[in-house]
Amino acid sequence: MPHTGAVPSTLPDGDPAPADGALPSSALRGLGERPFGVYVHVPFCATRCGYCDFNTYTPGELGTTASPESWLEGLRRELDLAAGVLGSAPPAETVFVGGGTPSLLGVDGLTDVLDAVRDSFGLAADAEVTTESNPESTSAEFFAGIRAAGYTRVSLGMQSAARHVLAVLDRTHTPGRAVAAAREAADAGFAHVNLDLIYGTPGERVEDLRASLDAVLAAGVDHVSAYALIVEEGTALARRVRRGDLPAPDDDRLAESYELVDSVLSAHGLDWYEVSNWASSADARCRHNLGYWLGGDWWGAGPGAHSHVGGVRWWNVKHPARYATLLADGASPAAGRETLTDDDRRIERVLLELRLAEGLPLDTLDDTGRANASDAVADGLLDRIALAEGRCVLTARGRLLADAVVRRLT
Amino acid sequence: MSTFADTTFTPPELIRNFCIIAHIDHGKSTLADRMLQITGVVEERAMRAQYLDRMDIERERGITIKAQNVRLPWQVDGQNHVLHMIDTPGHVDFTYEVSRALEACEGAVLLVDAAQGIEAQTLANLYLALENDLAIIPVLNKIDLPAADPDKYAKEIAHIIGCEPEEVLRVSAKSGLGVRELLDEVVLKVPAPQGDADAPARAMIFDSVYDTYRGVVTYIRVVDGKITPRERIRMMSTNATHELLEVGIISPEPKPSVGLGVGEVGYLITGVKDVRQSKVGDTVTSERKGATEPLAGYREPKPMVYSGLYPVDGSDYPDLREALDKLQLNDAALTYEPETSAALGFGFRCGFLGLLHLEITRDRLEREFGLDLISTAPNVVYRVVLDDGTGELIVTNPSDWPTGRVGEIFEPITRCTIIAPSDYIGTIMELCQTKRGQLGGMDYLSEDRVELRYTMPMAEIIFDFFDALKSRTRGYASLDYEESGEQSAELVKVDILLQGEPVDAFSAIVHKDAAYGYGTRMATKLRELIPRQQFEVPIQAAVGSRVIARETIRAIRKDVLAKCYGGDITRKRKLLEKQKEGKKRMKMVGRVEVPQEAFVAALSTDESSDKGKGKK
Ligand SMILES: Nc1nc2c(ncn2[C@@H]2O[C@H](COP(=O)(O)OP(=O)(O)OP(=O)(O)O)[C@@H](O)[C@H]2O)c(=O)[nH]1
Ligand SMILES: C[S@@+](CC[C@H](N)C(=O)[O-])C[C@H]1O[C@@H](n2cnc3c(N)ncnc32)[C@H](O)[C@@H]1O
Ligand code: SF4
Ligand SMILES: [Mg+2]
């Protein structure tokens with residue numbers, strides 16, 4: 001569904017969720033044996049980027065209906081409720097504060113958020129604690145402050161090093177700022193820093209993408225996420241494309257860009273471990289995201305956040321005002337949920353694990369899926385040796401056709 | 001209100017049977033409206049435009065498809081008369097409806113649009129009427145139009161039918177001006193029906209319609225004797241006898257009556273469920289002391305154009321069969337036979353009178369029966385003489401074209417008439433030449449309008465000829481054609497191959513000089529219509545083993561959503577489910593997935609048919 005300013009991205013259709021947020025005992029069984037993480041959604045941005053359909057709001061869109069304060073209040077209540085629903089929840093092994101623009105909360109705000117997580121769940125000794133940050137709302141002091149508060153990882157929305165590309169994307173930071181921020185983060189003691197790139201923006205030339213990759217390498221980060229620009233329905237970008245003001249990204253060009261990204265990054269020791277993610281070592285991989293892809297449990301707190309515990313998925317109401325009101329009334333902010341069938345879970349495993357460099361165990365597939373896997377090897381989409389060893393692993397070409405392979409295997 | 005016309009067994013000398021014939025859109029149904037009103041059979045508040053166009057599809061397209069008869073009272077000089085009026089369709093595909101109507105009449109109102117003059121179907125229908133020895137009443141319609149030029153066109157008409165221009169009546173079917181005078185003229189000019197009231201009953205079936213509530217309703221015109229509901233009847237062609245449940249007249253709704261006498265037109269209901277048991281052209285007589293000699297029948301309508309109809313969803317096949325069965329009850333001209341296509345699965349090869357007939361049938365199947373259909377490119381019927389002396393093949397489907405063994409090939413030809421302003425003679429001749437037409441003659445209707453007569457292969461006409469003609473004459477040309485035998489021709493079958501596999505649904509029989517054009521056009525179209533696959537797909541057009549055109553669909557390189565959706569995995573899974581659903585609607589040609597839409601779009605000739613002919 002389109003969102004124009006005040007109506008951000010769609011939630012799925014699902015079953016109603018109970019007001020107390022209670023989960024079936026089947027979902028709670030085995031809690032703690034699987035990885036457990038906490039996601040916190042910060043639904044605020046200074047301005048809206050034309051391509052973005054995430055659940056986030058500018059001050060102008062919110063008016064007086066919600067504020068970072070009312071949000072934080074709600075968040076605390078939701079985390080409390082979560083601790084109650086989960087009962088003997090394990091300490092969080094990963095925390096990911098995403099958005100939106102978490103860096104807008106500042107050091108104090110992000111400290112409060114992490115404290116709230118600690119209060120409700122506690123943190124595992126070696127917990128990975130990430131926050132997304134927009135380059136323009138960070139500084140050396142900011143990084144020092146959040147490092148001191150307990151954050152261990154920073155993800156920066158760099159997108160591009162080309163000024164004209166940043167302009168088309170409506171990004172407000174200057175070309176050099178993301179790299180500078182990454183260095184500041186490293187200087188502040190962050191061993192794990194990620195840079196997000198978007199490729200395929202209208203007007204982006206091969207040289208521009210190369211320059212962005214050079215900048216990423218110069219920043220010396222241990223993790224890179226690179227996404228092909230998606231023209232999401234209902235965004236300002238989609239309108240510009242429809243009007244013909246901007247050309248739609250071309251799939252062949254996107255494929256070439258992906259190949260360029262992959263070859264440059266891997267030549268410099270950053271290896272893919274998920275279709276859109278590269279890391280310098282196994283330790284540098286984002287454990288929190290791996291939890292999503294490997295069927296882990298996590299509680300997603302905040303407006304529009306998604307959660308998964310033991311085969312039950314649910315999602316919160318999107319609007320921060322509604323979110324705060326529900327929690328103030330002592331109700332769960334969940335808007336809907338679904339209980340996965342065995343088949344759903346199997347399909348999700350294929351969908352998610354196939355995208356990983358580790359691949360998918362062949363025995364996850366049914367008979368036709370297995371037969372089709374052999375065909376996919378013949379078509380150069382799956383790795384022959386890996387298949388012989390009982391795993392489906394995408395080839396370089398297969399990664400670019402991953403959705404098609406998933407359709408063949410499910 | 002009851003009138004003189006409500007009671008039957010009217011003396012023949014007080015009966016006049018006539019039809020309204022014209023080129024498409026010249027206002028027949030509108031004139032019929034005024035007659036219904038002026039004679040009082042339809043009350044003012046029940047009136048609606050083109051009252052007799054009863055089918056939804058007729059009303060939507062603004063054209064008449066089925067002829068309709070009505071019994072009307074009319075007084076001349078204080079003497080009551082009964083008029084049986086039949087409104088006919090103007091489109092060339094439905095000429096057989098006109099010819100049947102003519103059999104029930106002694107006269108015809110030849111209606112001509114006073115702003116357009118004589119058009120191709122004016123002539124065609126006029127000649128049909130003359131062949132049947134009908135009295136012709138020439139009438140100019142739409143004289144209210146500012147562009148009307150009645151003097152000019154009265155001359156045209158007079159010239160064609162051999163009367164004085166002053167004898168051509170002038171009416172406005174829209175306002176009703178002149179319609180009373182026209183009705184008087186009908187009584188005056190149209191001969192009364194003749195027949196022997198005391199002879200054994202003989203009635204001609206001129207139409208037969210299936211009605212969900214009443215079963216088959218058979219329209220008859222009594223020639224001799226009488227038909228009464230108390231007597232059993234016999235169909236003379238089959239000797240089948242039936243009980244009569246009802247006999248009646250149409251005015252303009254069905255009204256039961258005590259029977260029908262000499263010269264009267266009406267309907268009968270026997271309770272049979274299949275129109276084929278009540279065949280148009282058959283003679284009805286009474287079971288006891290019936291007639292021994294049937295009336296002269298009609299030529300059965302013969303399909304001229306064939307196309308395969310396939311359900312998009314293969315599981316709808318039984319529904320399609322049932323729907324065709326039902327439609328055929330009302331449409332004796334529709335034929336169908338099961339066929340299978342490697343590409344499209346199970347379907348039917350259907351025969352039609354022309355492209356409009358095809359289109360309307362398809363439309364009705366889709367709308368009235370909720371089917372989603374693919375129709376293959378229309379083709380005519382070919383006769384292929386085998387060179388090994390083993391005989392010949394009648395080919396209604398390009399897939400049945402023999403390989404090798406082809407000796408001489410015969411294709412149907414038409415005699416066609418084109419009427420247009422004389423400025424366009426050059427353009428038209430050029431066009432007809434490219435369509436393998438042979439000029440038979442040319443006549444001036446007036447100083448600036450001509451009639452051109454051509455012999456042209458039917459295949460050329462049914463393809464895109466009419467549209468090309470219209471666009472080159474800025475809509476001023478009209479066309480009529482009728483089948484006129486066959487000619488030997490150098491025809492070839494062009495196959496379209498995807499990844500080396502022929503796609504039967506795309507094969508076509510074309511003249512050898514047009515093969516390259518067809519091949520390139522299809523290959524280019526398909527390259528655009530078929531989505532890229534995970535491998536490269538060559539598209540080839542070939543005549544036999546000779547490739548005449550090729551295109552390539554490059555392999556798709558990217559099919560992956562690379563974006564962080566955070567934890568919204570539900571969305572991802574639903575997207576996958578949707579994509580897989582979409583895949584189910586693909587037809588597999590070898591390993592190539594071809595969307596239904598590609599078949600529909602590739603097979604539509606986009607310029608092939610003339611829908612409502614100018615009715616926007
Ligand atoms: N101005 C004007 N328009 C008329 C007159 N008679 C008919 N029309 C219009 O001409 C168009 C065609 O009229 P119809 O009565 O449907 O013509 P038709 O001959 O029955 O057409 P087919 O049955 O399709 O052959 C309609 O838009 C009528 O309103 C008339 O006397 N004056
Ligand atoms: C939702 S954003 C949140 C982080 C932060 N606000 C930012 O913009 O950097 C996470 C990342 O998703 C990617 N992203 C967002 N919308 C996208 C789109 N339409 N197409 C491709 N990538 C997109 C961007 O790379 C962005 O950095
Ligand atoms: S800053 Fe990030 S979350 Fe905010 S609008 Fe831009 S891309 Fe979306
Ligand atoms: Mg009509």
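For all residues, glycine too, the Cβ spot is worked out from N, Cα and C.
Summarising the annotation, TrEMBL assigns domain 'Tr-type G' to B:13-194.
As annotated by TrEMBL, GTP binding site applies to B:Asp25, B:His26, B:Gly27, B:Lys28, B:Ser29, B:Thr30, B:Asn141, B:Lys142, B:Ile143, B:Asp144. In the three-state DSSP reading, B:Asp25 (GTP binding site) counts as coil. In the structure as shown, the Cβ atom of B:Asp25 (GTP binding site) sits within 10 Å of 22 other Cβ atoms.
Look at B:Ile143 (GTP binding site): DSSP puts it in coil. Under 6 Å, Cβ to nearest atom of ligand 4: this is the test, and of the binding-site residues B:Asp25, B:Gly27, B:Ser29, B:Asn141, B:Ile143 it is passed by B:Ser29.
Cβ neighbour count for B:Ser29 (GTP binding site): 25 (other Cβ atoms within 10 Å of its Cβ, all protein chains included). B:Ile143 (GTP binding site) is surrounded by 22 other CB atoms, counting those within 10 A of its CB over all protein chains shown. Highlighted here are the binding-site residues (B:Asp25, B:Gly27, B:Ser29, B:Asn141, B:Ile143) whose C-beta falls below 6 Å from ligand 1: B:Asp25, B:Gly27, B:Ser29, B:Asn141, in sequence order. In the predicted model, residues of the domain 'Tr-type G' (B:13-194) average a pLDDT of 94.
Among the binding-site residues B:Gly27, B:Asn141, the residue whose Cβ has the fewest other Cβ atoms within 10 Å is B:Gly27.
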